[in-house]
Each structure stands twice: as structure tokens, then as C-alpha cells.
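Before any comments, here is the structure.
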């Protein structure tokens, strides 16, 4: 939906004492991403320009985390309440006259659809203030919404509320839509005559009422969206809610989960329909998984692209790799960054690859290291094969062309080039290039000494 001019201020200055951490509270992760990135993404998705973050404790760390986002920052050097925090952003918004959203950096679960409802209601009613509210069975600690019928009269904080007001279940989420010029004018007249000696943003509602302006409200359909994070217990609770939301969205899109409560997927991960995800799987970063894939238990995949019909067996780790279709990986395989599998491959148990391009149909079934290597199509790598790529100073490349058969327990001392359709005998150490269609052997000739043990081992002398 097209909206009037939009801007956003995101409050991210709090120290988060109850987190008991040197790290700023808003940088603690939810589903693998710093929690502040969720409201930032929501504001930017709705076209909020400018988007201003009010920072304080750990300001440099927060700025560094968001350095690539089109946002600006305002410093709140002293924590004097939410009203004071918004005033700190005034200079960055002095030319702005549209709808101003106020979001919280420690409220990461707010859905885009909810933000859309808040904006639409605020613009439709032409209110000076529209507050996002929620109904809680246990509202202790939250500011209560004071109403007269459908009209919002104000908000009273927990420490300032009367006994009767504390029975109200509708609470302030701390998320607002304001008419920008009005809110800054109203804040200029706000004092700190309250129990906390802070500048309450909620006093703006009283100023709007006094000016005869409308104060509106939008009630959350799901109160969990307004969950603020103040300690590590709430961090874990919010993480579980986000995980459930991500997994349910994927299930509705055609992905099967054996146990969604034990599966950890970051929000930007994409999975195609008819894929099956087992418990203990962790998928993160820029990961895209195709259709019909099977990801078995205790697999970790980060920053990888998997084509259709890929089978990743238990205990495998994939990082920064591309995997072609109809490929089997694992169990207990490790694909390190720079691995590219063309498709129809087998990378078996205890195989490690790094900066390896492996051609169509090639396989390494077990106990192998392939690093800084280029393999052609239909190459068979025998058990125990190692590309010796590092000389203590530099890395070197191994090239193995199409249709090569490599026997077990082979070492390729790079740089080395193996021609197509050649055969490498088991137990060989290959230090020189091998031409196409050749047999290469480097092991010594077998020698048999008859009765050697009977002559040299006292334990065996009486067994003749």
C-alpha cells in the first residue's frame, strides 16, 4: 500500500543491565541476527526515510553493525526516558513533516503486517498520535491504556498507576505513529514530574488531548509481537517464538519438518517444496536449498546453495559451498568455503573439501581431503586420498581431469596435473604430472622374507 511520507526513529540506546553483558542489548542475536536488525528491516521495507537510530551504550558497536544500512544515528548520552530519546533525533528530522514511526530496538517480533495496520490506521484517521496496544493476562510492569469507550485518554505507567488502573489489561507496547511536527512541539513542553524523574513519551498523548487532537490505537492480534527483551530468559523466549514463526512459514510453503521445535533456521534462508528437514539441523546465512532435498539430523549449513534432490546425511557441515542436483553428502562430511559440486556427486563419510571444484558425477566416498583442487567429470577418488596443497608457505593446486581413477591411500603433492582417463595405483605419492590414459605408480616393490618372524621374534619361535 502506498503511504504518505514516512520516517522512523528506533530506540537503541539502553544499556540492558539485566542482560549482564558487555555487548549492547540490541546486538544480542535472535535467529542468528542482532535483534535491532529486525525493526530496522521493517522500517526500511515500508520506505521510512530517514530511519534514525537513537544510540547510547555501545553506540560504536551498534553503528558498526548497521554500517551498510541506509540509516542515520542520534546520540543519547544520558538516559532520561523515551521522550528524551526521541528529542535526541529531532535534528535529523527537522525537515520532515509526515508520519513518524517510533520503534524499539529490543522488540524484534513485530510483523510487517502489524506495522502496515498501524500506519494505515494513523493515516486514515489523521490522528496526532496512534499507539500500538496489546491485551495481556499479566500486565504488570507495563503502562496501561486509559480509555473512555473507543477514545484513548492517555497512558499511565506502572509506578504511577492507581490500584484501579493496575487492573487494566490493555497495555502500551511502546510503538507509535506520530504526526512529526506535533510530537516534537509537544515534547518541548514535557516535564519529568513522575516517580522515575524521566521524560515520558506517553505525556505527548495528554498534550494531544489538550490540543483537541485525536489519539488513536491499534490493538495487536498477537501480543507476542510486542515482547520486549530485557534479559537472557526473554531472549531465549523470543528466539523460540521467532524459530516457530520461521518454521511454520516454511511448512506452509511445502517444506516438511520432522521436529520443528528442534530445527534452527535463520529468517533469510530459502527452502524449496517437498524438502524434508530432520531435528538438530541449523541453516543460516545466505543459504538456499532446492526442492526435494533431504537434510538429515545434526547438519549445519551456512552460506550455501543446494540444487534440487540433494541428500545431506547426519553430522555433516557445509559452509560457503555450491552443490549441484542429485548429490549425496555425508555422513560426517565437511564442505568448506569455495567448494563447488557440479551435480550427481558423492561426498562420503569423513571427506573434507576446500576450494575444490568437483565435476559432474565425480565421487569421493570416504576418508579424503580435497583442497585447492579441480576435478573433472566421473573421477573416482579412493579412500584415504589427500591433496597435499600446502608447502608451509603457499597453497598449490591439484588438477585431475575427466575419468581418472584414483586408488586408495594416494597423496597428490601439489602443484600437480593428472591427465584424463589415467589410473593412479593405490598407495602412490604423486609428485609429477601424469599424462592422459596412463598408469601412475610410486610405491616400492613388495619384498617377502620367509620365516623372518620366527627368527627374530622370541614369542613366535615356539609356534613353528
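A Cβ is built for glycine as well, from the same backbone N, Cα and C atoms used for every other residue.
Here is what Swiss-Prot records for this protein:
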REGION    1-232  region 'Pyrophosphorylase'
BINDING   11-14, 25, 76, 81-82, 143, 157, 172, 230, 336, 354, 369, 380  UDP-N-acetyl-alpha-D-glucosamine binding site
BINDING   106, 230  Mg(2+) binding site
REGION    233-253  region 'Linker'
REGION    254-464  region 'N-acetyltransferase'
ACT_SITE  366  active site, proton acceptor
BINDING   389, 390, 408, 426, 443  acetyl-CoA binding site
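Overlay of Swiss-Prot annotations on the structure.
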residue : record                                        : Cβ contacts under 8 Å, 6 or more apart
11      : UDP-N-acetyl-alpha-D-glucosamine binding site : 54, 82, 85, 86, 102, 103, 104, 105, 174
13      : UDP-N-acetyl-alpha-D-glucosamine binding site : 54, 55, 56, 57, 59, 76, 79, 85, 88
25      : UDP-N-acetyl-alpha-D-glucosamine binding site : 14, 15, 16, 19, 35, 57, 105, 106, 229, 230
143     : UDP-N-acetyl-alpha-D-glucosamine binding site : 155, 156, 157, 158, 171, 172, 202
336     : UDP-N-acetyl-alpha-D-glucosamine binding site : 319, 320, 321, 352, 353, 354, 355, 371
369     : UDP-N-acetyl-alpha-D-glucosamine binding site : 351, 352, 353, 385, 386, 387
390     : acetyl-CoA binding site                       : 396
408     : acetyl-CoA binding site                       : 382, 383, 384, 385, 426, 427
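The Cβ of residue 426 (acetyl-CoA binding site) has 15 other Cβ atoms within 10 Å, all protein chains considered. The sparsest Cβ neighbourhood within 10 Å, among the listed recorded positions (366, 443), is found at 443. According to DSSP, residue 366 (active site, proton acceptor) is assigned to a strand segment.
According to DSSP, residue 13 (UDP-N-acetyl-alpha-D-glucosamine binding site) is assigned to coil rather than to any helix or strand. Looking at the residues that bind acetyl-CoA per the record, 389, 390, 408, 426, 443, the two CA atoms farthest apart are separated by 22 Å.
Geometry remark: the residue listed as 'active site, proton acceptor' versus residue 389 (acetyl-CoA binding site), CA distance 19 Å. Here the Cβ of residue 106 (Mg(2+) binding site) has 25 other Cβ atoms within 10 Å, regardless of which shown protein chain they belong to. For the pair residue 389 (acetyl-CoA binding site) and residue 81 (UDP-N-acetyl-alpha-D-glucosamine binding site), the Cα-Cα distance reads 59 Å. Between the binding-site residues 230, 389, the minimum number of other C-beta atoms within 10 Å of a residue's C-beta occurs at 230. Spacing of residue 81 (UDP-N-acetyl-alpha-D-glucosamine binding site) relative to residue 443 (acetyl-CoA binding site) is 77 Å (Cα to Cα, whole number). The DSSP breakdown of the region 'Linker' (233-253) into helical (H, G, I), extended (E, B) and coil residues amounts to 20 helix, 0 strand, 1 coil.
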